[in-house]
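A short write-up of the structure that comes next.
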Amino acid sequence: MRAGVFDSGIGGVSVLKSLLDARLFEEIVYYGDTARVPYGTKDKETIIQYSLEALEFFKSQNIDILILACNTVSAYALDILKQRVSFPIIGVIEAGVLALQNTAMDKNAQILVIATQATTQSQIYPNALHKLGYKHITALATSLFVPFVEEGIYDGEFLQECLKHYFSKLQTTPQFIILGCTHYPFIAKAISQYFNHQCTLIHSGNAIVEQLKKECALTPTFANTTLKFFSSQNNQTLEKEAYRLLKRQD
Ligand code: DGL
């Protein structure tokens, strides 16, 4: 079984990590559109156009399934991409919602969804959560976290200032935070610390594994997964950084 994993940049590696731990695939082809990251500040048409171009790349890779390890792409292009190819395509948003549902039993819980500007504007998370009966949802665009992670900045004063910039506006401390951008798990420690470790952080990586096991009947089979990295610029930089992040213990 050969899977494709797509993100605008390095963020999808947080999902890749969960996929590797689950040993579901013999080979994974990762593609990061590093020449054009971030996607989260772009408009809908541009995000769809870039996603279609990435799909062209994956068409030549002989994959059995494509995982959109990007919330922004999942929010705007999942349905469109699905219509273009015969292999299955799975996004991260459903998995993120599922992960929240499995963790937050109380429908009155205070939930904060942080994501890129585009994902936030799509309202995709609040709509799904409201449907499930959750009542207190705050959606906050935190697009600047993406360049931090792309730069390899996962802690420190500069990031602290950025956290303060966004989170000081909040009226209450959330109980659950959905990391609605695949870049964010790499700064999860700093986010958790900002809230004095009082919030439960949710990310879609592990939930997507559960979804794959259920929907595609995949089982942990492969002790070793062959990894191939591609990007729209500086391939070696992406590959080196990806291996560094995969080794990191969070
Ligand atoms: N990692 C992506 C996401 O989950 C997008 C980051 C970006 O390119 O702005 O939304």
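Just so you know, glycine gets a Cβ as well, placed from its N, Cα and C.
Curation plays no part in TrEMBL annotations; they are all automatic predictions.
The feature substrate binding site is assigned by TrEMBL to Asp7, Ser8, Tyr39, Gly40, Asn71, Thr72, Thr182, His183. Feature annotation from TrEMBL assigns active site, proton donor/acceptor to Cys70, Cys181.
Features as recorded by TrEMBL, highlighted on the structure.
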residue : record                             : CB count, 10 Å
Asp7    : substrate binding site             : 31
Ser8    : substrate binding site             : 32
Tyr39   : substrate binding site             : 27
Gly40   : substrate binding site             : 28
Cys70   : active site, proton donor/acceptor : 34
Asn71   : substrate binding site             : 33
Thr72   : substrate binding site             : 34
Cys181  : active site, proton donor/acceptor : 34
Thr182  : substrate binding site             : 32
His183  : substrate binding site             : 28
For Asp7 (substrate binding site), what is the secondary structure by DSSP, using just helix, strand and coil? strand
Whole-Å Cα distance, Asp7 (substrate binding site) to Cys181 (active site, proton donor/acceptor), is 10
Recorded substrate site residues Asp7, Ser8, Tyr39, Gly40, Asn71, Thr72, Thr182, His183, farthest C-alpha pair in Å: 12
Rounded Cα distance in angstrom between Thr72 (substrate binding site) and Cys181 (active site, proton donor/acceptor) is 7
In whole Å, how far does the CA atom of Asn71 (substrate binding site) lie from that of Cys181 (active site, proton donor/acceptor)? 5
